[in-house]
Amino acid sequence: MESPRLRLLPLLGAALLLLLPLLGALAQEDAELQPRALDIYSAVEDASHEKELIEALQEVLKKLKSKRIPIYEKKYGQVPMCDAGEQCAVRKGARIGKLCDCPRGTSCNSFLLKCL
């Protein structure tokens, strides 16, 4: 003695479950087809911005070329000399990096990181 409404309820639920993915796919297609706002950036602004960046890069490259160290001044595998009382090392966590060599009679203090 089931009522006709109880028989229709499972059928309506199954139909709804079958239609939900189709509705979601349609909504997703509409979202994908919407054009993006690319007209915010005009071609003129991009060209002028690129020119500015290129000019700045060329200036930096010119400065780097002028600061080259002559080959006879390069000392591979050596660090420069520093004065007494000057910072001779850098601490990064548990590691200590050497910045320069201390002069004779002094050594790099591992606590103060200075030539003492």
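Cβ atoms are placed via backbone N, Cα and C, with glycine included.
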Inquiry  = Which one, C100, C102, is listed by Swiss-Prot as the other cysteine in the disulfide with C115?
reply    = C102
Request  = Could you identify, going by Swiss-Prot, the member of C88, C100 that forms a disulphide bond with C108?
outcome  = C88
S48, C82, C108 screened against C115 (disulfide bond), Cα within 10 Å - retained recorded positions = C82, C108
Query = Which one of these disulfide-bonded residues has the most other Cβ atoms within 10 Å of its own Cβ: C82, C88, C100, C108, C115?
reply = C88
Task = Please work out which residue of S48, C102 has the most C-beta neighbours within 10 angstroms of its C-beta, and give that one of the recorded positions.
result = C102
